[in-house]
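**Student:** Got a structure for you, written out below as structure tokens; questions coming shortly.
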Amino acid sequence: FPPAVFPLSCVVQNYSWGKVGLESEVAKLVASGDPLVQIQPDQPYAELWMGAHPRGDALIRDNRIPQKTLGQWIADNPACLGAKVKDAFQGHLPFLFKVLSVNTALSVQAHPNKELAAKLHAQFPEHYPDANHKPEMAIALTPFEGMCGFRPVEEIVSFLQNVPELRALIGEVAAEQLERSGSDDPRGVSAALRVCFTRLMKSEKKFFVDQLNMLVKRISQEAAEGKDTSGSNGELLLRLHSQYPGDIGCFTIYFLNLVRLEPGEAMFLGANEPHAYLHGDCVEVMACSDNTVRAGLTPKFIDVLTLCEMLNYTPAPSSSKILPAAQSQLDPHVYLYDPPVPDFTVMRIEIPASIKLYLISAMDSASILLVIQGTAVGTSTAAASEMSLRRGSVLFVSANESISLHLSSPEGMLLFRACCLL
């Protein structure tokens, strides 16, 4: 039998928004996992891709295995996915597991549902490379902030009344329509919200740049005078404007919730949910897709019409975006993040220092295991030899295989495991 549990060497993406050098959690994990890697102090280390995505297929670190990459190995050994997963996802690993280190904001974006993805891919394959949906979930490793979903209407109305530059862009008619929409008519609220947001995103470039400059000047003066600018969301506005001057995305802070996650807290982003990560480090898992519809805070291709058409215009408080982890009934060291989609689930495994032998249990799904802290020697009947695990180690675990961890660190261990629980 070829080994069915093996270490991976994963692809780093150096996108410009990433944290730089050893400021980046991605860089720290890579450096710790492979001491031979040289971290460039002025290079951004934005994402670590743990999976079989064609643009970032992980290399197999086991010279007894003829296949070079995880994608090739799964293609040759599809049973490793587990029977149900293999059938449901046509022999492909259904998720991509990542670590993100965010220094400056990512674009305001949303991911299409399956129906829209198929349509966009057929019409514009150069911008929408596949026909899959892309729900995603982020779990904070350090304090993490992002924008996600539309704010409760009363918060948006309050900004419309406190930020005249915003009101000017949206126009009096649309602003009043939102102000008059009542909570007893959710469809009316969503319709009014759609009109307001679309008016904003489609405003004339010269007009919105003028309004943005006026707003930034006003907030800067108020801040310099020591005034409270929270009624205009001043601090976030100035931060985003310094990162993306003159970008329409700066105004989205008045529509979207600001979500702050403490380490271990998660947020789930369903299809058509507008979002933008702002700062911090997280592990992220998503359905295997590259479909992203962007509309601001980015130099990339933007598709405002599609975005405004597709969004979910249901207002909700930021607290509703946080997905709680449930402690496993079977193992008190395991916390489950189980989102409302079949494509992926993540387990956080916390092993206290008092435990010296721990079993990573078998399940009917392939999984990817990431070590965030602690050291251990891993043994498995399905691995060719023992594996030394430390911070930054990544393992592929075939379905129905288990691993015994012999812990050797005084501080216990923290691991994340991505899988598919059908």
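Cβ atoms are placed via backbone N, Cα and C, with glycine included.
Sharing the feature lines straight out of TrEMBL:
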type: DOMAIN; residues: 5-153; note: domain 'Phosphomannose isomerase type I catalytic'
type: BINDING; residues: Gln109, His111, Glu136, His275; note: Zn(2+) binding site
type: DOMAIN; residues: 169-256; note: domain 'Phosphomannose isomerase type I helical insertion'
type: ACT_SITE; residues: Arg294; note: active site
type: DOMAIN; residues: 336-376; note: domain 'Phosphomannose isomerase type I C-terminal'
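Tell me about the surroundings of these features in the structure.
**Tutor:** Neighbours of His275 (Zn(2+) binding site), defined as other CB atoms within 10 A of its CB across all chains, total 24.
In terms of DSSP secondary structure, the domain 'Phosphomannose isomerase type I helical insertion' (169-256) contains 67 helix, 1 strand, 20 coil.
Taking DSSP states H, G and I as helix and E and B as strand, the domain 'Phosphomannose isomerase type I C-terminal' (336-376) has 0 helix, 21 strand, 20 coil.
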**Student:** Near the Zn(2+) site, what residues other than Gln109, His111, Glu136, His275 in the same chain have a C-beta no further than 8 Å from the centroid of the listed C-beta atoms?
**Tutor:** Ala110, Lys134, Leu269, Glu273, Thr292
**Student:** When you measure from the Cβ of Gln109 (Zn(2+) binding site), which residues in the chain that are at least 6 apart have a Cβ under 8 Å away?
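**Tutor:** Pro274, His275, Ala276, Thr292, Val293, Arg294, Ala295, Thr298, Leu307 - these are the non-local Cβ neighbours of Gln109 (Zn(2+) binding site), listed in sequence order.
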**Student:** So which residues does the domain 'Phosphomannose isomerase type I C-terminal' (336-376) touch in its own chain, when a touch means Cβ under 8 Å and the partner is 6 or more beyond its ends?
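**Tutor:** Same-chain contacts beyond the ends: 8, 29, 33, 50-51, 74, 80-85, 88-89, 93-95, 97, 99, 135, 137, 139, 141, 264, 266, 268, 270, 283, 285-288, 323, 325-328, 330, 388-422.
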**Student:** Using a 10 angstroms cut-off on Cβ to Cβ distances, just flag whichever of His111, Arg294 is the loneliest among these recorded positions.
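**Tutor:** Sparsest of the recorded positions His111, Arg294 by Cβ contacts within 10 Å: Arg294.
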**Student:** Could you break down the residues of the domain 'Phosphomannose isomerase type I catalytic' (5-153) into DSSP helix, strand and coil, giving a count for each?
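**Tutor:** Computed counts for the domain 'Phosphomannose isomerase type I catalytic' (5-153) are 40 helix, 47 strand, 62 coil.
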**Student:** Taking only same-chain residues 6+ apart in sequence, whose CB is under 8 Å from that of Glu136 (Zn(2+) binding site), what do you get?
**Tutor:** His111, Phe268, Leu269, Glu284, Val285, Met286, Ala287
